[in-house]
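J.: When I checked Swiss-Prot for this same protein, it listed these features:
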- 29-49: transmembrane segment (TRANSMEM)
- 96-116: transmembrane segment (TRANSMEM)
- 128-148: transmembrane segment (TRANSMEM)
- 166-186: transmembrane segment (TRANSMEM)
- 204-224: transmembrane segment (TRANSMEM)
- 255-277: transmembrane segment (TRANSMEM)
- 297-317: transmembrane segment (TRANSMEM)
- 333-353: transmembrane segment (TRANSMEM)
Amino acid sequence: MLLIIDLQTAFINWFVGLGVSKDISAALWIPLPILVVIVGATIGVLVIVWLERKISAGVQQRIGPEFAGPLGVLQPLADGLKLVFKEDIIPSKADIWLFTLGPALVVIPVFLAYLVVPFGHDLVVADISLGVFFWIAISSIAPIGLLMSGYGSNNKYSFLGGLRAAAQAISYEIPLSLCVLAICLLSNSLSTVEIVEQQSAYGILGWNVWRQPIGFVSFLIAALAECERLPFDLPEAEEELVAGYQTEYSGMKFGLFYVGSYVNLLLSSLFATILYLGGWTSPITFSIPFQTSEIEIFAAFLGIGMTLLKAYLFIFLSILTRWTLPRVRIDQLLDLGWKFLLPISLGNLLLTASLRLAFY
């Protein structure tokens, strides 16, 4: 049984009960979902930064942050405030427009992609029929911002980092898209909500990860490369390029690159959950014979918690990968994308299409 909560109707009725007119209540609802997405993604980034510090400390047998709040949970907030109040320096020979627009062009598309991420049947800002392809298309804009930042800095290390970012994005965007296309072919839909609902019938046994194991592994590798996580962080390799395209940046512009990186990591983990692990659905199927407002609220929180739990499992694996695997060379990175992942993901798509024609 699908437990559906209509948040818009509940919100408007609640304000009408307080004496606010229905038109004003409907107008107040319009910016609320976008505001919730921005605040939620920002809080998710703070949690990821804290987890990265604590997990890396555990891998290296250290304690990690412990003074800024209990268990150091306020350390990411302190780091963010430090970057906000630092001086914003623009190199004298840099292209001011490219240098300034680059970080914004990296962050804004990633936040826009959250509009199609569902946390429940009606817990999605925009349930569009091309939700999956909207994510792929909008996330393809970020490498342009990285290239602009590297070119506009008028620095050889920044320019090389921007070129590497563009080459890496092109190399791994194609296998990632082919893996997603196989899921869409299997689900007969491009809507993120319908893809999750298609996996909800048999609990954990209905998840796409069992029907697409090759695509799942290929998707994870390509997603790590798209997020520029170790062992694929060639665009900002410290030993080779100082800080890559970030070399000349300081203050809040420098912080925007980190925000974009972690927001993109959370977004990729959420889409891995949606496409392969059933999204908000529980591993164990259950049905409730009646439906009340309290049960609807409980179902909404259960869906959000289930989605985030699965997503943070991927984030934990990516953090563990960063601190346990060495960085690959740029030629190895491109060989992995073009000579290994591309043929495998293409073969997986052809196999999925063949099985679809044979058994459906």
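Backbone N, Cα and C atoms are what each Cβ position is placed from, and that goes for glycine too.
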J.: Grab the same-chain neighbours of the transmembrane segment (204-224) for me: Cβ-Cβ under 8 Å, and only residues 6 or more beyond its ends, written as numbers and ranges.
T.: 172-173, 175-176, 179-180, 182-183, 186-187, 195, 232, 268-269, 271-272, 275-278, 283-284, 314, 317-318, 321, 336-337, 341, 344-345, 347-348, 352
J.: Residue list, the transmembrane segment (29-49) vs rest of chain: Cβ under 8 Å, 6 or more residues beyond ends.
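T.: Same-chain residues near the transmembrane segment (29-49) but 6 or more away: 8, 11-12, 75-77, 79-80, 111, 114-115, 125, 259, 262-263, 265-266, 308, 312, 315.
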J.: Sort out for me which stretch, of 96-116, 128-148, 255-277, 333-353, has the most Cβ pairs below 8 angstroms to the transmembrane segment (297-317).
T.: 255-277
J.: Among 96-116, 166-186, 255-277, 333-353, which stretch has the highest count of C-beta pairs below 8 Å with the transmembrane segment (128-148)?
T.: 96-116
J.: What same-chain residues lie close to the transmembrane segment (333-353): Cβ under 8 Å, and 6 or more beyond its ends?
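T.: Apart from its flanks, the transmembrane segment (333-353) reaches 167-168, 171-172, 174-176, 178-179, 181-182, 185-186, 212, 214-215, 218, 221-222, 225, 232, 234.
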J.: Take the transmembrane segment (166-186) and find every residue of the same chain, 6 or more past its ends, with a Cβ under 8 Å from one of its Cβ atoms.
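T.: Contacts of the transmembrane segment (166-186) (Cβ under 8 Å, skipping residues fewer than 6 from its ends): 132, 136, 140, 142-144, 146-147, 195, 208, 211-212, 215-216, 218-219, 222-223, 225-226, 228, 232, 234-235, 275-276, 333-334, 337-338, 341-342, 344-346, 348-349, 352-353, 356.
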J.: Same-chain Cβ contacts of the transmembrane segment (255-277) under 8 Å, 6 or more residues past its ends?
T.: 41-42, 44-45, 48-49, 80, 83-84, 103-104, 106-107, 110-111, 113-114, 117-118, 132, 135, 139, 142, 149, 180, 183, 192, 195-196, 207-209, 212, 215-216, 219-220, 223, 226-229, 245-246, 249, 307, 310-315, 318
